[in-house]
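Peer 1: Sending over a structure as structure tokens; questions will come in a sec.
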Amino acid sequence: MTSSWQRKELPFLILYAVGFYFIIIRRSLQISHDHYTKLYGLRPGWISDRLNDVSDAQWRNFRGNLPILTLVFGIFALVATVSRSYGLKAKGMSIVWLLLSMAYLSYLHGACIVYILSIASANYLLVKVCGRTKYVFLLWIFNLTFLICNRVYGGYPFSLFGPKWAYLDNYRGTFRWHICFNFVVLRMISFGYDYHWAGHDNRFDQEKHVQRCNNCSSGKTCYQLLQGRSLKSDTFSLTIYLCYLIYAPLYIAGPIISFNAFASQLDAPQKTYSVQDVVWYGLRWIFSLMLMETMTHFFYYNAFAINVTWKYLSPLDIFVIGYGVLNFMWLKFFLLWRYFRFWSLVNGIEAPENMPRCLNNCYNLESFWKNWHASFNKWLVRYMYIPLGGTQRKLLNVWVIFTFVAIWHDLEWKLLSWAWLTCIFFVPEMIVKSAANGLKVESSFGKFLFRELSAVAGAITITCLMVANLVGFVIGPSGINWFLSRFLQKEGLPTLGGMLITFYVGTKLMFHISEAKKNVRGR
């Protein structure tokens, strides 16, 4: 229940938030206007004759290839729909999708498709030999070796194998295969361990789950059920395996789906989303794309971040750009992941939703990572966190998992710095949360004090998240001293204080949002 003092504070919190975003928008427009001539990565735009910030290579490539991607996936969906209308099920659909996906990969990677198929075939053989034995851990060694070697050797130029193969380097396609292969590695591990667990007693109680799950009890099927139930042995065939690895809609960027969940939907397409739901999902994506276009035409956050210009600005402007860059990154990945998930839904395969919660509605590290790359989080929990001991060793597990996440992204010191900084911030949060869960606050003053302390902790956590992500993806470890010095000097202290107050207010607003959702569910 919401107390009277919580109801009274809400209008003031909303008023503060409106004022904060007014200042952020106004200042963003001003600094973008004052410094645009010093920035690179800006191109002529289509909104009010303004320049468009396409300095982010990933966003620029996705945006430029949208027409051809949409055409390809439209054809893919049409062929898949027609095939299903003829009664094709698991084996038949996997062959259709495999052939279509092979054509797609040939365009993306050219002759380098031979690397993907060779490594995938070796992994399949390893799974069939060791998958049901105590040597299943060899899958991790195999996949980590190729994950690292692919980067070290730059995707293996054909000239490495002799001058007579060097001509194939002219036919490497339009997209570097070893970048996409990071996702294939996750799928190969998923296939291996789902095969391993299928040979043992399944601890997943399907009947009990259906009784407790609102989705499953209503006749639909949730992701947990798709992933948890065991599959028949013939489902782990080479055709379905390869189809899963290179399934076109999810191949480039995910979302990540386990083998069990993917193979379960080959026979019976997903029922969670109706046709109207999928159409509405697509329309919301178009609206979000327009929001991104507006942002990149008026606020040049990323162009500032990749230039040295912002390092000479005031602490307030540095905060505005840093905050803006994180919001740009969130919206970029939101659009990428939901675009590919949309086409997967059209084809009847439901993958987990990435970013189910907005970046600005996360006040602790745990909820942030559960809601950022949510499908990757589910993968990490299933294939790393639980096998490593789960909650019994969580303080140790977090270091292993985040180190793997950094290496999986790329072999860069700034990503390892990001991972270890996150762990440094994460461990105290887990200890404090564990202690707080054991407290029983009865008095009104005790509840008030607990809520205020939680809001202060949220403000500190959000600040730590900003620092860790800016270090990992923008300024690198060498920029930590510069970044901290700008805010710990006399000139930067007012901005630091205002930032902490703002995050404190934001955390309290998040409390209100969470409580409102609980009240709606309780009705």
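Glycine is no exception: its Cβ is also placed from the backbone N, Cα and C atoms.
Since this is a predicted model, take the numbers as computed values, not measurements.
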Peer 1: Quick check on the annotations: TrEMBL lists transmembrane segment for one of 381-399, 400-418, 495-513. Which range is it?
Peer 2: 495-513
Peer 1: If we skip the immediate neighbours and take only residues 6+ beyond the ends of the transmembrane segment (238-257), which ones have a Cβ under 8 Å from one of its Cβ atoms?
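Peer 2: For the transmembrane segment (238-257), the list is 72-73, 76, 90-91, 94-95, 97-98, 100-102, 104-105, 108, 116-117, 120, 124, 175, 180, 183-184, 186-188, 191, 263, 266, 336-337, 340-341, 343-344, 346-347, 349, 351-354, 374-376, 378-379.
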Peer 1: At a threshold of under 8 Å on Cβ distances, which of 12-29, 137-154, 453-475 pairs most often with the transmembrane segment (278-300)?
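Peer 2: Going through each listed stretch, the top one turns out to be 12-29.
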